[in-house]
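Student: Quick one: this structure, given as structure tokens, is what I'll be asking you about.
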Amino acid sequence: MIGRLFFGVVTAVLLMSGPVAAEPAAKPYRIYMALWRGWEDAAQGFKDYFTNQNIPVELIIRDAGQDRSKLPEFVAEAKQLGVDLVFTWGTTVTVDMLGTYDTVDPAKHITDIPAVFAIVSQPVGAKVVPNLASSGRNIAGTSYLVPMDTQINLLQSYRSVRKLGMVYNPLEKNSLVAADELRDLGKRDGYDLVVAPVEVVDGKPVVESIASKVRDLKAAGVDFLYIPPDTFLNINRDVLTSAALAEKIPSFAAAENPVLSSKAMLGGVYRYYTVGQLTAYKAEQILVHKIAPADLPVDPPKRLSIIINMPVVRALEVYPPMSLLSLAEVVDSGVEVRP
Amino acid sequence: MRLDSSRSLLLRLLMLAVLVLVPPMAIASLRALDRFEEGLSPEMDRKAAAIGRDLLAQVDRAVSYGIPIDKLVGVDEFFTTLLNGNPEIRYLGLTTASGDILFLSGALSDQLAGQYRALHLTEADMTGRKTDIGAFVDLALPVRGRDGLVGQVHVGFDRGYIAAQLFGIFYDIAVVLGTSLIIAFEILLFVVVFNISGPMKLVAEVVHQARRGDFTRVPGITSADEVGHFVRAFNGAVRQVDNAYRGLMAYIDEVRTGHFDRNVAEKVGEVADRVRFLFRFNPSGAPQVLREKLSSDVRLPLFLFVFAEEISRSFLPLYAQALPAQVAGLSPELMTALPIAVFMAGIALGSLWAGAVTERLGSRKVFQFGLFPAVLGCVMSGLSHGVIELSLWRGIAGLGYALVTVACQSYISKTTSDSNRATGLGGYVGAVLTAAICGTAAGGVLADRIGYAPSFFVSTALILVSGWLLSQLLSMAEIPQSVVMAEERHGTHLLRIFSNWRFSILVLFAAIPAKMALTGYFFFLVPLSLWDSGHSLPEIARVMVLYPVVMLAVSSLSTRLADQMGWRIGQVALGGLVGGAGILAALAFDGTLPLVIGIVGLGISHGMSASPQLASIPDICWIECQRHGRTQVLALLRTLERVGSFVGPLLAAVFLQMWGGRGAIIGLGAVVLVMAMVFAMVAGAYGNGPHLETEEDAP
């Protein structure tokens, strides 16, 4: 049964042996890590925290590979192994394994074992916690989205915007919420929001429509493009950011991928790695300092990462102010991009 | 400053004090300044280099990312932040490789452009190149791009900055030195007058009487020092003469009653008569012990008290501004003016009351009574949490101020006779003005070093010392209660003085505007304006101290002038015009200059008109002075002019709210000048000499 549950994450065995071998004397804490799309920066930050703090842990790593049907098996395995703590990555894993606060079921969800979650974009909206001050139950976690007014202040400090454009997937609720917030902030900061939802055919967003939506925004006189933390756009980030570059529209991304691994110009994000470290800190509070998870607030990291994608900046010739540049992390592959 | 007959001795002692105190302090200060300058110059170089490197690193980074140096964004804001954080740096600049200015903050391009083009900086100048450009020292550092030199970073500092810093420190040292010298002098004056020259004067008086055969009195000095020994020996001699006299008289009586020879009795009687004619002895059987209080005894405590009160002069409105305004109803400007206005109201009320109370209780009691509100008001001013609270404590402090100063004045007038009263009151004014100079100057330095609230605690300590000294002095011998003035006071009768147009015009258009200018302009608007234009507290005090200095210089001159020329009303009129016009210098100039002109003008104005104004009262109100007593009329004038003291800051605050700082100064100056002009126009009709017409035939 246990063998069946190993989902081909090769690194798992290596990771498990590391900390345990290093601290043979102390009994390691056993942490069950349920991941959604493989080992990435948040998981790495989580693991590195324990190594850096010299806290012995045994990590049991499972990857659902974006397959929701595997999650009930994870719940059963974690309970059977009797681990000390469960780590869940992403909204889907968290909701399916820990339940929402109003529908939690001890048969289907993990309740007795304390849990920490990370990379849940709307912890309150997804009903993981009733409010950010306390989960009210045996779980704690971190948030990772930068508050909208912080994002807009950053965007405005780069270059004053009069007309902000946004392409989004109308099927994703997150993006609709983001559009409302942007519109409200526009009243405060004096810009207009122009939205362009991608086309939906047969209940699915159409990738091919992205470029034309960007062209529409350009025609509407948009001087900055806002890229929401939208899963569909994250997957198709190259299409979106290339289109923005082609139209010579500078773009701001609320998530790190479009800036780090695509052609968005500017990003204001909490790095996944930092979020992972903060989540590990919460785990330490629970395991080592015996603090009840409900007493830990759900909060984001203190440090905002400003990421500037220099090849895009050079291609657009929209240069960052000196004061912003001195605070920013610069992505500069040296490879020139062309609009 | 009149120092009676001991003047030459005191001057010599003062010179000695200056000789002993100044050279070591000056040498120590100069050495400290030298070290400071030595340390500061390389420190400036290092600072410029550090800022240059920091700036260069940022520019290098931007350039290394492929941003063209002439396309950098937000450079001015970036420079401004750096300049604000480093006041010693005068300007920051960025040029192309050939020296053409791209960005420059803190200086004008014209001043530098030519020099920059001629610089020919190369990549080899790794640590930068230092050049002198006019008043600036310029450090240039090369910006290296992907293809060699792309620009230059320039950091400039002011050569005058070190000099300005040194001047500030030098001034602070000078203030401390000057203040301690004056305090030393005051203490010296006190010690000499109290222990030596005062007793000697008394002995001299007795000796003088003895020379004329008057042995009725001996000086009552009981100190244990040489002066005391001398006086006791002297008194022993007088008593011996007294005893000899009484022995002789007893013997003569015995001879006269016991001798039957009529001739002998007559002869003896003649001798007795002759002795009685030539010498006088106390009929009570022993010489009367003479204790004379000197008006100068209160000088040191008074000096310390006023010094303490003047410490907050330069910063009170700033302190009020810094405190939270508790009440929403008043504008912030009015809130800032409130502590000064309430303090003035406290003085007005206090002196009204103190005048009457001193007559009944005597100086000592009133003084002791006044010490409580003075100390309480001062210490609580330092502990205040809001403007209303501060105003309340300032009001109480004002009450104490009035009680203490009135007690001192009454002490002086009681210890002086008509002949030397002017000298006594001159000493009073001298002590108050010297204390104002020291207090204002020292207060600015003090508040800058230790903060507003602790400065009030220093004031409190000084008041306590002054109180201790005075209570020691006054308790030694209570002045024999003067005969209570029998004159009845008819308040309504005194108020009829207003139908004397000369008096009313003098109060309304000379006395009140003078006080309005003092409290509204000098106490309130000047510190605020100087602070807003970025001056430090010692700098504010440096400017404000001009007022008492000028006033002290002008008043001694003008008193003599007034006595010689008898041109009192003219002086009052001219003084008013000078004061108003001085304030209005704000119309013609910008910056600190009009304030300096205004303050000097005000010093001249008040120095010129204050004593002639009081001195003209006996002439102007001849009838009223005869009827109610001069003291009463003068007290009324002082009370009425305090209406101006109270209104001044409030009016200035209203103007400030409506027209801003410069507008308020011009507005207040205009009010003062117009009133002075009205007075000047009417002044011609005053005429000379006493005015004997009664209120009935006044126009």
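Heads up, the Cβ atoms here are built off N, Cα and C, so glycines get one too.
Whatever TrEMBL says is automated annotation, not expert-curated.
For reference, TrEMBL lists these features for the protein:
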- B:169-194: transmembrane segment (TRANSMEM)
- B:194-246: domain 'HAMP' (DOMAIN)
- B:298-687: domain 'Major facilitator superfamily (MFS) profile' (DOMAIN)
- B:300-322: transmembrane segment (TRANSMEM)
- B:334-354: transmembrane segment (TRANSMEM)
- B:366-386: transmembrane segment (TRANSMEM)
- B:392-413: transmembrane segment (TRANSMEM)
- B:425-446: transmembrane segment (TRANSMEM)
- B:452-470: transmembrane segment (TRANSMEM)
- B:503-524: transmembrane segment (TRANSMEM)
- B:544-562: transmembrane segment (TRANSMEM)
- B:569-589: transmembrane segment (TRANSMEM)
- B:639-659: transmembrane segment (TRANSMEM)
- B:665-686: transmembrane segment (TRANSMEM)
Student: Mind checking how the domain 'HAMP' (B:194-246) divides into helix, strand and coil residues in DSSP?
Tutor: 39 helix, 4 strand, 10 coil
Student: Using Cβ distances below 8 Å and needing 3 or more such pairs, separated by at least 6 in sequence, tell me whether the transmembrane segment (B:366-386) contacts the transmembrane segment (B:300-322).
Tutor: yes
Student: The transmembrane segment (B:169-194) and the transmembrane segment (B:503-524): do they have three or more Cβ pairs under 8 Å, with pairs 6 or more apart in sequence?
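Tutor: No, the stretches stay apart by this measure.
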Student: Please work out which recorded stretch in B:300-322, B:334-354, B:569-589, B:639-659, B:665-686 has the most C-beta pairs separated by under 8 angstroms from the transmembrane segment (B:425-446)?
Tutor: B:300-322
Student: Taking the transmembrane segment (B:639-659) as the reference, which of B:334-354, B:392-413, B:452-470, B:569-589 gives the largest number of Cβ pairs under 8 angstroms?
Tutor: B:334-354
Student: Residues of the same chain, at least six outside the transmembrane segment (B:665-686), with any C-beta under 8 angstroms of its C-beta?
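Tutor: Contacts with the transmembrane segment (B:665-686): 502, 505-506, 508-510, 512-513, 516-517, 520-521, 525, 529, 569-570, 572-574, 576-577, 579-584, 586-587, 594-595, 598, 620, 648, 651-652, 655, 658-659.
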Student: Same-chain Cβ contacts of the transmembrane segment (B:300-322) under 8 Å, 6 or more residues past its ends?
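Tutor: Contacts with the transmembrane segment (B:300-322): 183, 186-187, 189-190, 332, 335-340, 374, 378, 381, 387, 390-391, 394, 397, 401, 404-405, 408, 428, 431-432, 434-436, 438-440, 442-444, 446-447, 452, 455-456, 458-460, 462-463, 465-467, 469-470, 473, 523-524, 527-528, 531, 537, 540-541, 544.
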Student: Can you tell me which of B:334-354, B:544-562, B:569-589 gets the most C-beta pairs within less than 8 Å of the transmembrane segment (B:392-413)?
Tutor: B:334-354
Student: Which stretch, B:334-354, B:452-470, B:569-589, tops the Cβ pairs under 8 Å count with the transmembrane segment (B:544-562)?
Tutor: B:569-589
Student: Please report, as numbers and ranges, the same-chain residues at least 6 past the borders of the transmembrane segment (B:569-589) whose CB is under 8 Å from any CB of it.
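Tutor: For the transmembrane segment (B:569-589), the far contacts come to 506, 509-510, 513-514, 517, 521, 558, 561-562, 595, 597-602, 604-609, 612-613, 616, 662, 665-666, 668-670, 672-677, 679-680, 683, 686.
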